[in-house]
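Student: Just lifted these from TrEMBL, have a look:
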| type | residues | note |
| --- | --- | --- |
| SIGNAL | 1-21 | signal peptide |
| REGION | 46-67 | region 'Disordered' |
| DISULFID | CYS165-CYS199 | disulfide bond |
| REGION | 266-351 | region 'Disordered' |
| COMPBIAS | 279-323 | compositional bias 'Basic and acidic residues' |
| COMPBIAS | 328-351 | compositional bias 'Acidic residues' |
| TRANSMEM | 487-508 | transmembrane segment |
| REGION | 514-556 | region 'Disordered' |
| COMPBIAS | 544-556 | compositional bias 'Acidic residues' |
Amino acid sequence: MELKWLLYATLLALGSLAVQAHDMDGDNDADDVVDIEDDLDDGIEEVEESKPETSTPPPTPKVTYRPPVPTGEVYFVESFDKGTLDGWILSRAKKDDTDDEIAKYDGKWEVQDMKDTKLPGDKGLVLVTRAKHHAISSKLSKPFVFDTKPLIIQYEVNFQNGIECGGAYVKLLSKTPELNLDQFHDKTPYTIMFGPDKCGEDYKLHFIFRHKNPKTGKYEEKHAKRPDADLKTYFTDKKTHLYTLVLNPDNSFEILVDQTVVNSGNLLNDMSPPVNPPREIEDPNDQKPEDWDERPKIPDPDAVKPDDWDEDAPAKIADENAVKPEGWLDDEPEYVADPDAEKPEDWDEDMDGEWEAPQIANPKCETAPGCGTWQRPMIDNPNYKGKWKPPMIDNVNYQGIWKPRKIPNPDFFEDLEPFKMTPFSAVGLELWSMTSDIFFDNFIICTERAVADDWASDGWGLKKAADGAAEPGVVGQMMAAAEERPWLWVVYILTVALPVFLVVLFCCSGKKQPNAAEYKKTDAPQPDVMDEEKEEEKDKGDKEEEEEEANDEKLG
């Protein structure tokens, strides 16, 4: 804030300099203005007659909202523009192993307009409450089966109040006979979990799928590698962001935010833990032999300590060349009892012991080089060698670091088509959040990229266009940026104020030449006329001198 006021003060000072420079030039021009005033009157009247009417600035472009309509086959779409939760089921489940007070999924969901919306009528699903468990789900129009077509899931999220700790991810609930959306909870089987999640300063964008082990039938979560992109802005800027997951039959995947790829990879190579276990593992029963030598270097057994090696020599010795400084007070202690200290009135010698004044630095030592017994300073001992150790040499018996032998992995399997996951038949949000008013909108699940892009253009694209139309101009954006990053005020001063100052300095500080109006007013000769007159006078003087010289010659 102080930098902002410094910028204002600098600009004001530069403005004052410009005004003063202009005023100085204005003094020379005052007579000109008076003299040419009559000549300008007629011109001003003509300009006023032809002056067009003042035009008002164009109004801010308005973006009208229309509910998006899918342009192809979809498995699920939801824009919430009906204003109701029709088709959605609120969970009535309780979490296991949790206190009854917080075990219920009693967090509230509502369909609302977004705060500070620029698109009236564009509604979305809002997680209303904080510090509660929330769960809501809806069935697909038909189950999604992983075969030869891609899977695309896309939806919008706006952290209207920022986010302290919580998630905004979706779960694609596996198609099972036991699936009951009324009892949807954290342990309900899902096929894919996708979306943003944050706690503390850990910003995540999950892509997790549950892979079925073909040998044991058990499921294991596989997590995509973390994106290299910085995700913080998506959680803090309070703007609507579009999250897209594209999963292809060739096992490749892409994760996009606002239609820009932030992560990509392959289900076989870029998941943790890997989909397929290693072919070989270390033998758990193998043991290192007792005589296995892992030492690459050993002390030289033939080395002998030199006769002159003194292990008892100290590392430091007194400096024999040191001399006690003059004025050293040997008989004065460094600290003395405080003469101004007084025993407290409530001091009880029976309980507290004999009272002694606190110690203070001896004032006599302040002007002396030192007090007390003088001792020679210590210096490094040039003869110090320390404890002798034999030098290290290569170990001829070195066998390397021991590792257990490899054996075939009894749990090995190879699944080359992890894309063919468990079919899913519902989409759900099962969340805990310490921040309220998380806004969700425009869910779509389909197989064609063009359909998802069209849906995004008609939904998220309209929001983006409306926000862009309502954004402040360049100056407003610069001021807003400087509020968040105060150091930008210094940049503004250097890039704006300094050039202005230089322009004022070079353009307004020069001496102005008189113009034609001044000569017209005073009838004084103009510069070119004055030069001609001077030349004529010079020529006349030269002729007179020649005539005088000629007369003198005749007389002589």
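Any Cβ shown, glycine's included, is placed from N, Cα and C.
Model, not experiment: these values are computed from the prediction.
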Student: Helix, strand, coil residue numbers for the compositional bias 'Acidic residues' (328-351) per DSSP?
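Tutor: Split by secondary structure, the compositional bias 'Acidic residues' (328-351) comes out as 3 helix, 4 strand, 17 coil.
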Student: Around the C-beta of CYS199 (disulfide bond), how many further C-beta atoms are within 10 angstroms, looking at every protein chain?
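Tutor: Cβ-Cβ neighbours of CYS199 (disulfide bond) within 10 Å number 13.
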Student: CYS165 (disulfide bond) has how many other Cβ neighbours within 10 Å of its own Cβ?
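Tutor: Looking across every protein chain shown, the total is 15.
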